[in-house]
C-alpha cells in the first residue's frame, strides 16, 4: 500500500517521456492528414451542392401491380422555355403525394394526376404561392405542437379505409353545433420550446417550413380558397398560403399531411431560451388539425479550410515545450492529490474519520450556522427519513429537518452536501427558502423557513375547512410557478417526488414547493407507507423509463385531482398493485364530477399516457390563469371508506 503512490508517479513520468518523443512526428503527420481531409471534404460538399433537390414520390391505391406510369413535370426554373422532363413511376398501395415542385402542396391519387380527388372546387388555381428558399446543405430541427379536445366521431378503421392517418386528438377552427364541440382551437395559438441546438446562432437559420397534420377546406358551403398565414412571436413567416384542397372533415382524428415549403424567416423576437408563440391564422375557410410541425433549417457551423502546408523539417515549438511542462506539473499535482485522497479515504473507512468545522455549510449571508444556536421546539412532522421540528433561530421561527443517526454514512454526507449546494442557490417566491445546514454528526440537519399552515395534503384532509374553488386554483397557480422555476434552472431540476405532501402553505395561503432536493436521499432505507409515492408517479417512470419534465407534469395532474376531490388517489389499493395497474394497465383516478370544465380538462391532459401529449408546466400555468371558477360551490371534505 505504501509503495502504490510511488509506482503511479514512475508510470506517469514514463508516459510523459514517450509523449514528448512522439509529439513531433505525430503533429507533423497529423497536420498533413487534416489538410488532405479538408480538401476532400470541400470537393464532396461542392459536388453535393450541385445536386437538384426536388423529389417526387407517387404511390397508387388503384392497383397493387407494378404499373409503369409516365408523368411529365415542368420545373419553374424553365418557365421561359417549354421544356418538360418525363419521369416513370412504379405504383404501390398508398395514395399520398407530397407535391412541392411548384411551390404548393396537394394530395393526389391515381397514376400521376395532380388533381385532388376530394376537392369540391374544380378551379385549379391556388392563388399566389410563395417562392421556396434554397435549403441545400442545411440541417433541420423540428418542434411539434398538438391540438386536443375535439369530440371523436369515428374509429381508426375509418381512417385506414379512406387513406388517412389516425391521430390521438384534434381541434377545429369552427363548430358544427354548440353541443358538438370541435376542441380547443384557441385561435390557432400554441407555444413551443426552441428545438435548435444551443450552439446554433439565429443568423445561421435560413428559413422555416410547416406540416399541418389535419384536414383543410372544412366549410363545404364556402367556395373560396382556404387561406392561411403562419406567425411566430406574432411575426408572419413567409407569405399567405392558399389552396383549393377540400377534405372530409367529419372525422377529426383522421388526417393527412399538408406540407408548406420552406419560407424565409429572420427570427424577429424569437426566444432561444424559453417559449415561443406560434399561430396558425385562418383568413378564409376553416381546418381541423391534430398537430403542427415547425421545421427550422439552418447552416451548420463550419471551419474555414486551411491552406496546404509546405512540408518542412519537423520541429517542436517553444509553445509546445511550455504546454508539455505545464501539463506535466498539473498532472503531477493531480497524482499527488489523488494519492492523498486515496490514503485519507482508506483512513476514514477504517473508522478514524472525525469531521471538522469545515463541514459547516455557509448560509446566504456568509455566516456559519450551528445547531446549538437553534432552539429546538416541538416535532411538527415525521417521515421514514427523519423528523421535522419547529425551531427558533435569531428570533425567527424556522423548520429543522434532522436525519436519524442510523442513516448517516459517508455516502449520505456527500449526497446531502451536493443537494445543499443546489438548494442554497434557489431564490423564488414559490420555492421553500433554504437558510442553512449542519453536517457534523450526529446533528445532520437543514434549516428552512417555517410554513405555519403545513402541507397542502393536510389542508385538503382537514374536515373543518370548506375550500373555495378560487382559493384552490390560486394555490395550484403558485405550485405551477414554483415547478416552472425548477425546470428553467441551470442545471434543470426535476422534482421527482411532486405530491401534495411536498407543497407547503404559509399564513397567506401562498404555496411553496419543498423537498425537491432531498427526495433521492430521503428514500434510502425507507419503506413506503400506504399509498406512497407510486400514486403520484407517471406510468413511464413506473415502467423504469427515463424521467423527464413531463413526469413532473403527470404528478401535478394527480395533485389537481386531489384538489378537485379532497381525497387520496387510489385509496385502499396497495402500492405494488398501483405500480402494475398504472404502469401496465393504464388505470387512472376517476374523473371528478364537479368543477370548472377547463380545470377538469387540464387534469385529464396532464394524465395522458403519452408524455409528449401532456402540456408543459408553462401551458398548465397559462390554462389555470384563464379558468373562471365563479358559480361553483365550495369543496367539502368527505371521508373515504374502504
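Every residue gets a Cβ built from N, Cα and C, even glycine.
Of the listed residues (244, 488), Swiss-Prot tags 244 with N-linked glycosylation site; the rest carry no such note in the record, though that does not show they lack it. Annotated range for transmembrane segment in Swiss-Prot, selecting from 302-322, 323-343, 344-364, 365-385: 323-343.
Looking up the ranges 13-43, 44-74, 75-105, 106-136 in Swiss-Prot, the one annotated as region 'Disordered' turns out to be 106-136. Here the candidates are the glycosylation sites 136, 140, 158, 271, and by Cα distance the one nearest residue 244 (N-linked glycosylation site) turns out to be 158. Looking at residue 140 (N-linked glycosylation site) and residue 271 (N-linked glycosylation site), their Cα atoms lie 18 Å from each other. Here the CA atom of residue 271 (N-linked glycosylation site) lies 26 Å from the CA atom of residue 136 (N-linked glycosylation site). In terms of local Cβ density within 10 Å, 244 ranks first among the glycosylation sites 136, 244, 271. The two recorded residues, residue 271 (N-linked glycosylation site) and residue 158 (N-linked glycosylation site), have Cα atoms 41 Å apart. DSSP assigns residue 140 (N-linked glycosylation site) to a strand in the three-state reduction.
Cβ contacts within 10 Å of residue 140 (N-linked glycosylation site), excluding its own Cβ and spanning all protein chains shown: 16.
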